[in-house]
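Asker: Attaching a single structure in structure tokens format; questions to follow.
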Amino acid sequence: MAGAAGPGTGPVAAGGDGDDSLYPIAVLIDELRNEDVQLRLNSIKKLSTIALALGVERTRTELLPFLTDTIYDEDEVLLALAEQLGNFTGLVGGPDFAHCLLPPLESLATVEETVVRDKAVESLRQISQEHTPIALEAHFVPLVKRLASGDWFTSRTSACGLFSVCYPRASNAVKAEIRQHFRSLCSDDTPMVRRAAASKLGEFAKVLELDSVKSEIVPLFTNLASDEQDSVRLLAVEACVSIAQLLSQEDLEALVMPTLRQAAEDKSWRVRYMVADKFSELQKAVGPKITLNDLIPAFQNLLKDCEAEVRAAAAHKVKELCENLPPEGRETIIMNQILPFIKELVSDTNQHVKSALASVIMGLSTILGKENTIEHLLPLFLAQLKDECPEVRLNIISNLDCVNEVIGIRQLSQSLLPAIVELAEDAKWRVRLAIIEYMPLLAGQLGVQFFDEKLNSLCMAWLVDHVYAIREAATNNLMKLVKKFGTEWAQNTIVPKVLVMASDPNYLHRMTTLFCINALSEACGQEITTKQMLPIVLKMAGDQVANVRFNVAKSLQKIGPILDTDALQEEVKPILQKLGQDEDVDVKYFAQEALSAVAQRLRKLDFPAKDSEEPSAPGADKNHFLRPRGPGEDTGKAHTERAARVVSEEAVEAARFRGTDAAKVSPRTGTPQLLPGARAVRAPSVLSLEEEECGRESWRMNFL
């Protein structure tokens with residue numbers, strides 16, 4: 001590293017006298033001198049730890065001077081250093097010694113890389129709050145002056161961000177000097193410095209006295225707003241918001257508005273774009289009177305600007321502008337002065353302008369009311385719904401609920417529903433997706449009868465769309481519709497149509513049937529799932545396509561918690577065992593996953609808690625082995641055989657999960673067995689339960 005202290009110099013030289021307490025700083029210097037940037041970066045990130053090891057005094061006298069002398073490194077390292085030093089006040093002895101951190105940060109504030117300078121300024125602003133007023137004038141203000149009068153533009157740009165934090169606590173004499181330095185930077189020869197000053201002008205104005213704002217800040221604003229560089233002029237527009245908030249209406253009209261009118265008609269489109277982008281903030285800052293007299297005409301010009309970027313920025317602000325207008329006469333102003341320009345933008349030649357307008361125009365319906373919406377806005381909505389640009393159609397669809405609140409669903413369905421139905425088959429899949437996502441809300445507003453007549457067929461058609469995202473969204477849509485309309489509607493309307501797809505020639509559509517069953521089972525409940533859906537899933541286990549078969553296994557695992565014990569034991573489990581021997585490795589894997597989940601659920605059902613509230617009669621209790629043994633009952637053999645079967649099943653599942661062929665199913669009993677040489681794996685939870693309930697110690701030897 002170029003600026004690192006050499007051997008025998010600085011604090012590392014003290015490490016040769018055998019003082020182990022100096023070892024951390026020696027390690028730091030060694031790593032900072034390493035050619036590996038990552039090592040140097042790691043050492044910088046450990047500064048707080050090293051400072052703790054050194055103590056506050058040695059951190060001030062050794063570590064900080066060393067860091068100040070070694071500001072010659074990669075930008076990444078310097079950025080980390082600038083960030084670390086901002087939190088170093090407690091490590092140098094507290095606020096009384098915060099000024100010790102200023103030298104290294106001052107050096108960092110002058111480097112060429114912008115992000116490093118910005119981080120150094122951020123840390124300096126943070127440290128300035130920890131200075132006492134006396135220390136601020138003694139140490140921090142001189143630093144700001146040095147940066148403001150530096151030879152390189154880098155230091156002068158950094159100084160612009162420090163004036164506002166030191167000005168409020170300075171004495172009157174020092175305040176005058178600070179204002180003088182800021183004025184000098186606003187007229188600096190270098191455009192980068194003027195840009196930095198313009199970006200901080202509003203922030204600096206907020207901490208100044210009102211007289212100083214009028215006499216000094218406003219002239220600076222006027223000069224910067226007419227600068228030869230458009231990058232400076234556009235930043236002056238941003239400062240105008242802060243300045244306008246500080247002045248009275250009379251002062252605004254006399255001092256600020258001429259400059260703002262000039263900016264709204266600036267020859268550079270970037271400046272006009274900034275005016276359009278900040279229009280809502282300007283409107284709030286200047287008040288309703290100036291808005292009506294000056295800003296509304298300026299906004300009209302921005303809406304018909306020759307540059308599409310400016311028109312788009314203005315279109316984005318249409319709704320906010322209308323909302324911020326005074327309630328008295330707002331409707332008249334919008335209808336006469338804003339709406340004619342909006343109508344022109346609906347058919348604009350630039351798609352970004354139309355898209356920007358489409359994202360906000362629906363919000364005008366709540367402002368203008370039902371009659372104006374039906375008469376003036378609905379034709380615009382229809383035109384945008386049929387626009388060739390998909391982004392325009394998408395933005396209109398996404399905000400239909402605003403219109404529905406105003407004009408009602410009947411009027412909406414009569415005027416916009418035909419266009420919505422047409423968009424349901426739009427060539428752009430994102431538009432179709434937006435329609436699907438809006439469908440549950442629309443269905444709830446239309447009612448079940450209207451939905452079945454007009455939109456049900458659309459929802460079913462989406463299930464066989466060629467885009468997977470549409471099919472997935474359509475599946476989730478069905479689940480939401482069932483929750484809204486009820487299980488009886490689902491059983492009569494949706495489920496039969498979904499199950500018909502199970503025999504579709506296209507395997508993707510057959511898979512969609514499984515996805516629908518997964519989604520609908522929870523909403524429909526156990527009875528419909530068991531009687532109508534489960535037989536179809538079991539039948540599809542023999543599908544010729546492996547993708548369908550392993551999705552059958554996943555579906556059985558998904559709907560397993562909804563099914564009863566008999567269905568799991570007699571129907572689901574045999575099918576999963578069969579799929580577990582499938583020739584396709586994916587089918588086998590998912591079948592074993594599902595079989596494990598089903599077996600776990602069956603164990604939970606077969607082994608309820610011991611303190612069952614209502615034990616049933618011995619003949620009807622499947623878990624009668626949990627109760628005390630009665631006269632003549634010999635449960636030991638049955639318990640042992642069942643435990644062996646459970647352990648064997650667990651071992652088989654574990655072996656299959658490991659991808660081995662150590663398992664097979666007994667052709668005689670249909671229960672899983674281990675091949676010769678395969679080792680069984682115990683299931684601790686099951687065995688401990690059996691041992692506790694049966695009270696037998698000797699049975700363990702049968703399985704070990």
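In case you wondered, yes, glycine gets a Cβ from its N, Cα and C as well.
The following feature annotations were taken from TrEMBL:
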COMPBIAS  630-645  compositional bias 'Basic and acidic residues'
DOMAIN    98-282  domain 'Phosphatase 2A Regulatory Subunit A helical'
REGION    609-645  region 'Disordered'
REPEAT    24-62  repeat 'HEAT'
REPEAT    101-139  repeat 'HEAT'
REPEAT    178-216  repeat 'HEAT'
REPEAT    217-255  repeat 'HEAT'
REPEAT    256-294  repeat 'HEAT'
REPEAT    295-332  repeat 'HEAT'
REPEAT    338-376  repeat 'HEAT'
REPEAT    377-415  repeat 'HEAT'
REPEAT    416-454  repeat 'HEAT'
REPEAT    494-532  repeat 'HEAT'
REPEAT    533-571  repeat 'HEAT'
REPEAT    572-610  repeat 'HEAT'
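Walk me through where these features lie, including what they touch and how far apart they are.
Answerer: Residues 64-65, 67-68, 71, 75, 78-79, 81-83, 85-89, 92, 95, 146-147, 150, 152, 154-155, 157-158, 161-162, 165-166, 169-171, 174 of the same chain sit 6 or more residues outside the repeat 'HEAT' (101-139) yet have a Cβ under 8 Å from a Cβ within it.
In the repeat 'HEAT' (178-216), helix, strand and coil residues by DSSP number 33 helix, 0 strand, 6 coil.
Counting same-chain residues at least six beyond the ends of the repeat 'HEAT' (217-255), those with a Cβ under 8 angstroms from any Cβ of the stretch are 182-183, 186-187, 191, 194-195, 197-199, 201-206, 208, 210, 262-263, 266, 268, 270-271, 273-275, 278, 281-282, 285-287, 289-290.
Residue counts for the repeat 'HEAT' (256-294) under DSSP, split into helix (H, G, I), strand (E, B) and coil, are 33 helix, 0 strand, 6 coil.
Taken residue by residue, the repeat 'HEAT' (295-332) breaks down under DSSP into 28 helix, 0 strand, 10 coil.
Taken together, the residues in the repeat 'HEAT' (338-376) have a mean pLDDT of 90 on the 0 to 100 scale.
Beyond its flanks by at least six residues, the repeat 'HEAT' (377-415) meets 342-343, 346-347, 351, 354-355, 357-359, 361-366, 368-370, 422-423, 426, 428, 430-431, 434-435, 438, 441-442, 445-446, 450, 454 of its own chain at Cβ-Cβ distances under 8 Å.
Under 8 Å from some Cβ of the repeat 'HEAT' (416-454) lie the Cβ atoms of residues 378, 381-382, 385-386, 390, 393-394, 397-398, 400-401, 403-404, 409, 461-462, 465, 467, 469-470, 473-474, 477, 480-481, 484-485, 489, 493, all in the same chain and six or more residues away from its ends.
Non-local neighbours of the repeat 'HEAT' (494-532) in the same chain are 460, 463-464, 471-472, 475-476, 478-479, 481-483, 487, 539-540, 543, 545, 547-548, 551-552, 554-555, 558-559, 562-564, 567; each lies 6+ residues outside the stretch with a CB under 8 Å from one of its CB atoms.
Same-chain residues lying 6 or more positions outside the repeat 'HEAT' (533-571) and placing a CB less than 8 Å from one of its CB atoms are 495, 499, 502, 507, 510-511, 513-515, 517-518, 520-522, 524-526, 578-579, 582, 584, 586-587, 589-591, 593-594, 597-598, 601-602, 605-606.
Mapped onto DSSP classes, the repeat 'HEAT' (572-610) shows 30 helix, 0 strand, 9 coil.
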Asker: Taking pairs 6 or more apart in sequence, does the count of Cβ pairs under 8 Å between the repeat 'HEAT' (338-376) and the repeat 'HEAT' (572-610) hit 3 or more?
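Answerer: Contact between the repeat 'HEAT' (572-610) and the repeat 'HEAT' (338-376): absent, because fewer than 3 Cβ pairs are under 8 Å.
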Asker: Using DSSP, tally how many residues of the repeat 'HEAT' (377-415) sit in helix, strand and coil.
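Answerer: Reading the DSSP string over the repeat 'HEAT' (377-415) gives 33 helix, 0 strand, 6 coil.
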Asker: From the DSSP assignment alone, can you count helix, strand and coil residues within the repeat 'HEAT' (338-376)?
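Answerer: Final tally across the stretch: 32 helix, 0 strand, 7 coil.
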